[in-house]
């Protein structure tokens, strides 16, 4: 496993897959089916090239963008009236403190064993970008996955179209190498499209509830413990669908698909459902026991 910020084998594999799919789709599938000298061929080649460029740009941004560092001077303010929810350790009820980094953890921050530091609003560590997905690059990662899903489906349509077109007259595909390229590209695209679609659906599900992957798994346990004690568990950062969306994608809908960070918080404090309600949270909910990661 390479150090964060360095190019690793999975990154080279991802770049190679993008390059191979692009070459085969444009210069084999589109060229053999529509032709690159026709208006339809040029339009499809240009559209797919734009999608591939968007994928590369957002992928590079996800790889290089820091996910968010915890300031070494950070101290939680338990008396802050605007922060009615404080995260504590399950055992002991103390405020979360990272022994490895030597500082307190802000809400939703966790220590990454690979990056060897705490990451703001950490979602997960992704080997395909050799980086954590956190507060500062989560939207960039999401937009990359979205563009990759669209590009994958588009490539599948163009490749299937070229196969159907050339089936009655097999010579249209040209040499055996062209056929082999189409087959290899299909073998790459089928599982890749499925995996990316599932990943995109999963993160849309998380965004709509204003959860990270870590918080989802912690919430499963918290819900079980609450039900065991006869209580109901409510995710404290769930502000409603629209507010959850803009907390990640930003307030301007026109910028939702732009690979820039448009967070509505600084990563150290987050609005909770208690901030939007006039009622104060119950005493037993003013602190939330979370995993000391």
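Cβ atoms here come from the backbone N, Cα and C positions, even for glycine.
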Residues flagged as transmembrane segment in TrEMBL, choosing from 111-133, 180-202, 203-225: 180-202
Intrachain residues whose Cβ lies under 8 Å of the transmembrane segment (42-62), provided they are six or more past its termini: 14-15, 18, 22, 25-26, 30, 34, 36, 129, 131, 133, 137, 140-141, 143-144, 147-148, 150-151, 154-155, 158, 259
